[in-house]
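Read the structure below first, then the notes.
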Amino acid sequence: MPRRYYITTFGCQMNKADSERMAGILEAMGLELAAEPDEADVLLYNTCTIRDNAEQKLYSYLGRQAKRKHQDPNLTLIVAGCVAQQEGEQLLRRVPEVDLVMGPQYANRLGELLEQVWNGSQVVATEPLQIVEDITKPRRDSTVTAWVNVIYGCNERCTYCVVPGVRGQEQSRRPEAIRAEIEELAAQGYKEVTLLGQNIDAYGRDLPGITPEGRRQHTFTDLLYYIHDVAGIERIRFATSHPRYFTERLIRACAELPKVCKHFHIPFQSGDNEILKAMARGYTRERYLHIIETIRRYMPDAAISADAIVGFPGETEEQFQRTLDLVAAVGFDQLNTAAYSPRPNTPAATWENQVPEAIKEDRLQRLNHLVAKIAGDRSQRYLGREEVVLVEGVNPKDAQQVYGRTDGNRLTYLPGDIETLRGQLVRVRITEARAFSLSGVPLAASSLVC
């Protein structure tokens, strides 16, 4: 009977994409996917260290599986991703039953590392590594939409964030390799790609070449133009954008290119300039608002989402109010919110002016209340409208319904048969509008692109 594997993924879209690649490697080695973790011979945890609670959850899982390994020595335990990169050998001292600790840059080398483990070694792979172009096809979770990494790592030095230390410096993939991957996805029947990067609009800064006009030869804007005409791909999304690199040229391209969905995820983190400076974000409140104004000048109905942190060290009530004011001024369609969580080896974690937990929790609740109200109000504009929805799957709560997303990334439910509608762009009249999702009725199958 072949070995079976199970992957538990924490955190961001980058981790989800890495997990798909590692699943592809495991299946190429002859392993099969297990239905449950306790049925697996190889357990892989792809980890996130942005928040402390995800890290604590990991160690809880590892403690349980370490006990299982004492009963079954053939069980292979792997910790991959950002916690693995951050902890390295220390993780083995804490949980000696772990067989392999590997940073995110080693996702494409899982096979050779696993062979070392099966030959009797306990392996730690966290040294800096140049990116390796995908050599094994990922086992993708969807047959309709796909992640495509375009840039790895991060050169920013935000004072609260561990990402540069665990994912390394920016490394952009060559445009030709990116297009080739997208062409292969189109040939397999995929309809939508999401281009991924920690700061995706910083793409190309590390690639050589200057144009006759004196600008960099490779920019994210140029990449969008380069891949846009791949036949069969109907929609192009991207995440995550950094305000520092979000230019008007990029905004114009998004407005001009019909396949590029009019949804933009641009974290702002705080609405106060002093806090932004302490965070080392590299932009001001005014700069952020100018970006949003420019997007809406070119694309009035564009959907905007973002990330925000409350309770950053030193944040006063007045500074928090500026965050609330910015949220109200922008009118976000969705906002990922979090209370500041001190992370190891970051400057902000050592500062003495930490905000008490009770105040952070109060501010988070107040912000979430405002976000839900604004999202609910903005959602009403969809009522009665026709939207084109790319159907992805079955509503897990109602087998008579399918779900998909609009151009603006609104989750939308509609009646229908998944075997008929999966991967189809369906014109839908919206009949219900909730804060973060819609419901509607199909009018006709559509071959329109977004």
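Placed from the backbone N, Cα and C atoms, the Cβ positions cover glycine too.
All protein chains considered, the CB of C48 ([4Fe-4S] cluster 1 binding site) has 22 other CB atoms within 10 Å. In the three-state DSSP classification, C48 ([4Fe-4S] cluster 1 binding site) falls within coil. Summarising the annotation, Swiss-Prot assigns [4Fe-4S] cluster 1 binding site to C12, C48, C82.
If you look up Swiss-Prot, you'll see C154, C158, C161 marked as [4Fe-4S] cluster 2 binding site, on the strength of sequence analysis. Counting only same-chain residues at least 6 apart in sequence, those with a Cβ under 8 Å from the Cβ of C158 ([4Fe-4S] cluster 2 binding site) are M279, A280, R281.
Applying DSSP to the domain 'MTTase N-terminal' (3-119) sorts its residues as follows: 66 helix, 23 strand, 28 coil. Annotation comment: Swiss-Prot describes 3-119 as domain 'MTTase N-terminal', evidence class sequence analysis.
Swiss-Prot lists 140-377 with the feature domain 'Radical SAM core'.
If you look up Swiss-Prot, you'll see 380-444 marked as domain 'TRAM'.
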Note down the number of other Cβ atoms within 10 Å of the Cβ of C82 ([4Fe-4S] cluster 1 binding site), including every protein chain shown.
26
Among the binding-site residues listed here, C12, C154, C161, whose Cβ has the fewest other Cβ atoms inside 10 Å?
C12
Give me the mean pLDDT over the domain 'MTTase N-terminal' (3-119), rounded to a whole number.
93
May I have the DSSP-based helix, strand and coil counts for the residues of the domain 'TRAM' (380-444)?
7 helix, 36 strand, 22 coil
Pop the Cα-Cα gap between C161 ([4Fe-4S] cluster 2 binding site) and C82 ([4Fe-4S] cluster 1 binding site) into the table, whole Å please.
12
What is the set of residues, excluding C12, C48, C82, whose C-beta falls within 8 angstroms of the centroid of the C-beta atoms at the [4Fe-4S] cluster 1 site?
F10, G11, M14, N15, T47, T49, I50, A54, G81, V163
Compute the centroid of the Cβ atoms of C154, C158, C161, then list the same-chain residues not in that set whose Cβ lies within 8 Å of it, in sequence order, for the [4Fe-4S] cluster 2 site.
E156, R157, Y160, V162, V163, P164, Q198
Give me the Cα-Cα distance between C154 ([4Fe-4S] cluster 2 binding site) and C48 ([4Fe-4S] cluster 1 binding site), rounded to a whole Å.
15
